[in-house]
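Following: one structure in structure tokens, then a few remarks.
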Amino acid sequence: MCISPKNPFLVRSARPGSLILPKPRSPANSVRFHRVAAVAAARATAIDLSDPEWKLKYQRDFEERFNIPHITDAFPDAEAIPSTFCLKMRSPTYINNKDRVLLKVINYSSPASAGAVCIDPDCTWIEQWVQRAGPRENIYFRPEDVKAAIVTCGGLCPGLNDVIRLIVITLEIYGVKNIVGIPFGYRGFSDKNLPEIPLSRKVVQNIHLSGGSLLGVSRGGPTVTEIVDSMEERGINMLFVLGGNGTHAGANAIHNECVKRRMKVAVVGVPKTIDNDILHMDKTFGFDTAVEEAQRAINSAYIEAHSAYHGIGVVKLMGRSSGFIAMQASLASGQVDICLIPEVPFNFHGPDGVLKHLNYLIETKGSAVVCVAEGAGQSFLENTNAKDASGNKVLGDIGVHIQQETKKYFKEIGVAADVKYIDPTYMIRAVRANASDGILCTVLGQNAVHGAFAGYSGITVGIINNHYAYLPIPEVIAYDKSVDPNSRMWHRCLTSTGQPDFL
């Protein structure tokens, strides 16, 4: 083994092993179990638990994987200069490069514990640290030489303007004068009809007061080679990319291409997904706002259902592969009787199906509210194999399907039912960020700039156990974070709704 020359805290080693997970205890848990197990198995060979040093080797492997790229990896002679980040009222406090944030905080005593994901059958505790975000005492870019660009990709999300605003403001505090926005996602790098948007504190001062993105968004775009060609032509040496997993994969490819060309460029991501499906992070910006806004739709569905004879309200919320919004919105509202998410399989028909339980609710309560994530129950819908510009599978409308199947079922059994369907998707994602998301966006935007000036590239910034950290992009896009059906939060949701297993 050898010590990393860049960071003495990190020890280099070959990747030794994968996770050993508890066996799934129910069909509901099997989806998550097999997904995580497959990724873990593909990542590395099995750990040799008979090796007395297996724990040390696993920890070294983790530290190696989470070592974040730095400008000095490609430019060992890059000059470090004193930070120009200066606040008017007081001297700034800096983050030490060896500061770390603990990734996992629960010491599970058994694989049978709710939500437990263990490395070995004994659930051995292994510390896993990631690098703390924040301003450094030394920086690797001279502000007068920086041309910074910001791009927002994918779909809309509450808080985009908040992040743009704080990136611009923080760049100006460092002394950067040349800041531009790339319009309409990665497309703006290649479309000659889309000029750069000059940005300054004056331009962005009040953009957080409205939803959407000042820069516009789009999916897809030019090739990585074309994007980097454009960056080189424009003289961009700091790129801030706001987007989800696909966008971050693009950001990582851009970083790698810049390294390959020996371009001194910092590429920093800010995770943007309303679905909250980014690995390792407590939450992503826009999620709290989405849950809050979803309450309006759920309450409307409840009023409609409660006011009608045998009323049933169906609400479809966002969540392609992860049901966090539906779960949290159901838990927060207290008005949902059935919550359906992609991670938990269910049947519509049969003695234990959703429709049978709806009939029970009509008989006992007189009304019911169903909350469903958009990615749930796709096996019941026609598969067109169509994909959008980002390469995502085009989903069928599960909400409409539930509405139609429910009407058909109650007609067949001779029971009157008034079914209302509400889809607030575009209303939710277009609103202004709430206070909680506004604070999160502010700190993420600041820390993205701190990371770029500190010389890091190919990284993203997120909140982990209420602390802000830098993570290498490949580790956060390995697969989508999803709701653990064995977790306490899902159990809390089931307690709130009172729903059974629909299998």
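Glycine is no exception: its Cβ is also placed from the backbone N, Cα and C atoms.
Straight from TrEMBL, the features:
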- 148-450: domain 'Phosphofructokinase' (DOMAIN)
- Gly155, Arg219, Gly220, Gly244, Asn245, Gly246, Thr247: ATP binding site (BINDING)
- Asn245: Mg(2+) binding site (BINDING)
- Gly246: site 'Important for substrate specificity' (SITE)
- Thr273, Ile274, Asp275, Met318, Gly319, Arg320, Glu374, Tyr426, Met427, Ile428, Arg429: substrate binding site (BINDING)
- Asp275: active site, proton acceptor (ACT_SITE)
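Around Thr273 (substrate binding site), the same-chain residues at least 6 positions away in sequence with a Cβ under 8 Å from its Cβ are Gly154, Cys157, Gly244, Asn245, Thr284, Gly286, Phe287.
In this structure, the C-alpha atom of Arg219 (ATP binding site) lies 19 angstrom from that of Met427 (substrate binding site).
Nearest neighbour of Thr247 (ATP binding site) by Cα distance, taken over the binding-site residues Asp275, Glu374, Met427: Asp275. Candidate binding-site residues: Gly155, Gly220, Gly246. Nearest to Asp275 (substrate binding site) by Cα distance: Gly155. The binding residues for ATP are recorded as Gly155, Arg219, Gly220, Gly244, Asn245, Gly246, Thr247; their greatest pairwise CA distance is 13 Å. Reported as a whole number, the C-alpha separation between Gly319 (substrate binding site) and Gly155 (ATP binding site) equals 13 Å. Here the binding-site residues are Gly220, Gly244; the one with the fewest Cβ atoms within 10 Å of its Cβ is Gly220. Taking a C-beta cut-off of under 8 Å and a sequence gap of six or more, Arg429 (substrate binding site) has these contacts in its own chain: Gly155, Leu156, Cys157, Pro158, Gly211, Ile274, Gly286, Ala290, Met318. Around Met427 (substrate binding site), the same-chain residues at least 6 positions away in sequence with a Cβ under 8 Å from its Cβ are Glu293, Ala297. A gap of 19 Å separates the Cα atoms of Gly246 (ATP binding site) and Glu374 (substrate binding site). Listed in sequence order, the residues of the same chain lying 6 or more apart from Glu374 (substrate binding site) and placing their CB within less than 8 Å of its CB are Lys316, Leu317, Met318, Gly319, Arg320, Leu395, Ile398, Gly399, Thr425. Binding residues for substrate (Thr273, Ile274, Asp275, Met318, Gly319, Arg320, Glu374, Tyr426, Met427, Ile428, Arg429) extend across at most 17 Å, taking the greatest CA-CA distance.
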